[in-house]
Amino acid sequence: MLDIKLFRNEPDYLKGKVKLRGMDPKVVDEVLELDGKRRELIGKAEEMKAERNRVSNEIAEKKRNKEDADDVIAEMRKLGDDIKEVDTELNEVDEKLQYRLSTIPNVMHDDVPEGDSDEENIEVKKWGTPRQFDFEAKAHWDLIEELGMANFDRAARVSGARFVFLTNEGAQLERALMNYMLTKHTTQHGYTEMMVPQLVNANSMYGTGQLPKFEEDLFKVEKEGLYMIPTAEVPLTNYYREEVLSADQLPGKFTAQSACFRSEAGSAGRDTRGLIRLHQFDKVELVRFEKPEDSWDALEQLTSNAEAILEELELPYRRVILCTGDLGFSSSKTYDLEVWLPSYDEYKEISSCSNMTDFQARRANIRFKRDKDAKPELVHTLNGSGLAVGRTFAAIVENYQNADGSITIPEALVPFMGGKTKIGPATK
């Protein structure tokens, strides 16, 4: 959520930023109108409560002097009723204001390029060279079924479309990738490993920005009013919700592996085969809590931490900076890492690394003190995939396949695969 002071002090600047996000700049005027009404009602309520205190003192004085206070008591009752009416109106206006504020995205960093879609994202780095095959390469969804590593048909029978059973060496490879990523991030990158709840309440989803705007993308357990997490970013970021941290708790660096659940409401017809776009998938998440002055350097570090996985696995990738039209709701600046997938003959997103500045912290009320006597300030929160496990799985299968139908295990993964260096080939 944005600071209301930004609306009051820099409305024209904010209108320009909102317009680049594809929103009508009039939303800024709507917020200012509600804010003005709210402040007017607060002033009115305070005046009436001061008058009520004066009348209360007058009643007490009359009673001490054994004078008739009926008229003043009647005035007191009317004031009480009027105050209730004003408080009710104030609550209604405040609720409208908070809702309107909650639907407005973060202000993007000045580095973010203007654009309407992902086609206008800008490549800022490329690593590795896509492999040239001297045989007809297969798509990962075909190869893993031939090798007995996955079964999509049985998953569809059990759960529906966009689910998978990983079996035998497929399950082993998925587990190896998760263990490898967590080990790398904890032992070399300085993150603390967490195991997180995979059901969270609405306040947590609000804190990270999924609610109220993106409820249709979520799976909800209606009876309990809980949501299945779309990413471990949600519980990790909310770990410090409603807390004031000490300066020595920053930076806070956490990593967690979790299942992620997404309805993919707007993705009909896209990536319908394979592991790229499932309703349930595994991901290793990175989350950081930073002092405001440190967060932009932290974004570069976090992105490099995710890139280190791709480089050690020797998977060709590129880094792009998202344009205004593709930037996430809560993000001020995002780098996407895209891995080369031969079956698509293009790079596909495997990680998004973002600085949310104080946007999530304001919603979740996460603050810190520079010293014990200092005024609390909002932290900056950052997050990134380190990495999406299923997409890494797919990239390894496609980029490391051999002419005989086998898959070579990347050297970095061999210790996590029990020393195994190859999967397959399939036997008829």
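A Cβ is built for glycine as well, from the same backbone N, Cα and C atoms used for every other residue.
What Swiss-Prot says about this protein:
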type	residues	note
BINDING	Thr231, Ala232, Glu233, Glu285, Ser385	L-serine binding site
BINDING	Arg262, Ser263, Glu264, Glu349, Ile350, Ser351, Ser352	ATP binding site
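Sequence-distant neighbours of Ser263 (ATP binding site) (same chain, six or more apart, CB under 8 Å from its CB) are Glu216, Asp217, Leu218, Phe219, His279, listed in sequence order. Neighbours of the L-serine site: apart from Thr231, Ala232, Glu233, Glu285, Ser385, residues of the same chain with C-beta atoms within 8 angstroms of the site's C-beta centroid are Val234, Leu236, Ala256, Ser258, Cys260, Lys283, Val284, Leu286, Val287, Asn383, Gly384. Long-range C-beta contacts of Ser352 (ATP binding site), restricted to its own chain and to partners at least six residues apart, with a cutoff below 8 Å, comprise Leu322, Gly328, Thr334, Tyr335, Asp336, Leu337, Gly384, Ser385. Sequence-distant neighbours of Glu233 (L-serine binding site) (same chain, 6+ residues apart, CB-CB distance under 8 A): Thr208, Glu285, Val287, Asn383. Looking only at the binding-site residues Thr231, Ser351, Ser385, the densest Cβ neighbourhood within 10 Å occurs at Ser351.
Its Cβ placed at the centre, Glu349 (ATP binding site) has 15 other Cβ atoms within 10 Å. The 10 Å shell around the Cβ of Arg262 (ATP binding site) contains 19 further Cβ atoms across the protein chains shown. In this structure, the CA atom of Ser351 (ATP binding site) is 13 Å away from the CA atom of Ala232 (L-serine binding site).
Between the C-alpha atoms of Ala232 (L-serine binding site) and Arg262 (ATP binding site), the distance comes to 12 Å. Of all residue pairs in the L-serine-binding list (Thr231, Ala232, Glu233, Glu285, Ser385), the one with the greatest Cα separation is 9 Å apart. Taking a C-beta cut-off of under 8 Å and a sequence gap of six or more, Glu264 (ATP binding site) has these contacts in its own chain: Arg162, Asp217, Arg277, His279.
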